[in-house]
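Summarising the annotation, TrEMBL assigns transmembrane segment to B:6-24, B:31-49, B:55-79, B:91-110, B:144-167.
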Amino acid sequence: MLDNYLHILIFILVASLISIAPPILGSLLGPRRAYAEKDSPYECGFAAFENARMQFDVRYYLVAILFIVFDLEIAFLFPWAIVVKELGMAGFMAMFVFLGILVVGFIYEWKKGALEWE
Amino acid sequence: MGFEKLLFYIFAAVTLFAASMVITRRNPVLSALYLVMAFVSSAALWLLLEAEFLGIVLILVYVGAVMVLFLFVVMMLNIDVATLRARFIHYLPLGLIVAGIMVFDMFLVLGPADFGLDQFAKPQSQPADYNNTAALGQILYTTYLYQFEIAAVILLVAIVAAIRLTLRHRPETKYQDPSNQVRVRKGSDRVRLITMPAEPVPPSLTATLGATHTEMTE
């Protein structure tokens, strides 16, 4: 079975070669004449107001966690979609109940306004 | 077999390298990116075990969704590296004790007495047309139906809990609502005409107005 994945292994090798080689070539071949003024951060006009690592709003977290929940739901759908013909009505109802429970959550987040970006 | 063994050692080495980079980097964002590397090489290890669906789900769910969450959490926290480093020595003894207990626990579970090829024989390699995803689906929706529906309830609880914990409405925020904008009618919604009587002009104002008027005509 693993023979089917040989293409992906070759792809990984080529991709890592392409992504690793240019920085190494650049650092080996490129001229490097650093001095203090060149290494100092460039700031246009005025002094920086605050740290660049500013805190994110907590709303991004909500979006990410809702995304994870529905991503997992999709992960459950893949094996079901392959075997649904063999499973017949029982398998169909199993997924129906599964999606029904999650639709309750979906309606909840819709009505709560969690999908709105205020 | 020899080639697979070589691949296993390569991916295991990459996983160990990435995992040690995760815990030694000062910048948490770099740690999160090294964690992506660890996840991808662990997915390759799972593929070597012929658990192809699990390997793909590891990349789909963990790299695709959980890492986004990690990066958001890392950026939501106020990362002041200097104060973190100042407390390092202070927490070192406690950390070493916890780490020692965990290593001991792992040795009890994964030690040579309970682990290795004697206890867990190598799984038979499957033919080329074997479908791991279909095999998983065959038992997941029949034998493990109850656990599968429990998973739905856990996801529902996760949705409700996340919304209850983090949703904050901001009534003061002003924003456009396009569905209201397109429903504006031409007459009453755009311009409101009010009939009102003319205001009486105060005498001081009429004097100045009259003066400028005569100046302009001259």
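Glycine too: its Cβ is placed from the backbone N, Cα and C atoms.
Note that TrEMBL annotation is computational and uncurated.
Model, not experiment: these values are computed from the prediction.
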Restricting to CB pairs under 8 Å, which listed stretch, B:6-24, B:55-79, B:91-110, is in contact most with the transmembrane segment (B:31-49)? B:6-24
Intrachain neighbours beyond the transmembrane segment (B:6-24), with Cβ under 8 angstroms and 6 or more residues off its ends: 30-31, 34-35, 37-38, 41-42, 44-45, 48
